[in-house]
Amino acid sequence: MLIRDVRITPVAFRDPPLLNAIGVHEPLVLRCIVRLVLDDGVVGLGECAGQRPQLDRLAAVRPHLIGMSVFDTNGIERTIGTVLRAGTPPGGTPDPMGARNAFSVIETACMDAQGRLTGRSVSELLGGAVRATVPFSAYLFYKWAEHPPLDGRPAIPDEWGAALDPAGVVDQAKAMIEEYGFRSIKLKGGVFPPDEEIAAVRALRAAFPDHPLRIDPNCAWTVETARRVAAELDGVLEYLEDPVPGIAGMARVAATAPMPLATNMCVVAPEHLPPAIAQDAVQVLLTDHHYWGGLRRTGELARLCATFGIGVSMHSNSHLGVSLAAMTHVAAATPELTYACDTHYPWNRRDDVVRPGVLRFADGGVPVPEGPGLGVELDDEVLDRLHRAYLAARREARDDTGYMRRFDPAFDPSPARW
Ligand code: GKR
Ligand code: MG
């Protein structure tokens, strides 16, 4: 049960040209697979973002984890915090969020290893699954038909096709729901003027009368616009996600909005909770174990939310199957998480580091993997191929705005621009 090695493998996988408030997704997503190798040969898996700061944090803590027990997650959390605080440059500010990001992936890998050692699944270790299948929502994006040609590189086609108007959004929803069976729908907004996005939501409502609907413009609207959109979509939206920046702005919208407001942007750390609660800014919190400090902390957060009458949903960024397995286990073991979770998983139909068979969608939900730990196994060949893709890409950060500006130099990503 002692950690003998920590293998940190950055990977890159293909992503369609999905549009959002700050630009467009680049052709490759950067992720990182972490393997904790124990003294008895057991390997625990975790997945996190593959941006340079996260890789640097993991490299810094790596030697300090060797020899620690995977059952001592309190000690591991303390060690990571201490090492990263000590690495703060003179005059620099400590980064507790960075420490939570680093601990999250290590804790996930520890719990996978604990499960493999004890023959228990991660959801059992978290207190037991309260649902056998975790519902996810269809996560729709406005998108281009292809990544346009760039710097001599030919266009990169994409089988999902374009979605640039209400009809395109409805077609995308139909395709995704036919394939995965989703029973809730989220539209990533903040891409077109709000009236066009209202029209898309109305078109979705007409095509899917019984599916709960959400829209998330990632803070692209002003308070006035958000209040107007909320009033116009009264009775249509299940919740309105991050219409405006900041807790105070969200509180002003919440004061008149007929539906709950949700966030994964203005409440992303423990210190954001008191002001958000005091101002009644948020009625649904999208948790994310990748940055809230791991799987156990996610459960604690959900319980805290329930105390204050805040609903719980789940945020997603582009990810692979190790993350999907972890999201499914923690959601299954969190009674308060009653909204269908977000996932970008359907946007990557090509490559997964996880061997096929365990993770599958049934009626829009993912059955909780039954094997020990996370219940998934790595495909070493795919891992190696995606690692080579990462090395060849020579990229260290996600840059939706910079990529968009290669095609539209005047692109404006400012928050509250509508
Ligand atoms: O993938 O473009 C995207 C999303 O906008 C993502 O970056 C957000 O973090 O999905 C996320 C959200 O709900 O805000
Ligand atoms: Mg969001």
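Including glycine, each Cβ sits where the backbone N, Cα and C put it.
All annotation found in TrEMBL is predicted automatically rather than curated by experts.
Per TrEMBL, these features apply:
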| type | residues | note |
| --- | --- | --- |
| DOMAIN | 166-260 | domain 'Mandelate racemase/muconate lactonizing enzyme C-terminal' |
| ACT_SITE | Lys188 | active site, proton acceptor |
| ACT_SITE | His315 | active site, proton acceptor |
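DSSP assigns Lys188 (active site, proton acceptor) to a strand. Of the recorded residues, His315 (active site, proton acceptor) and Lys188 (active site, proton acceptor) place their C-alpha atoms 12 Å from one another. Confidence annotation: the domain 'Mandelate racemase/muconate lactonizing enzyme C-terminal' (166-260) carries a mean pLDDT of 98 in the model.
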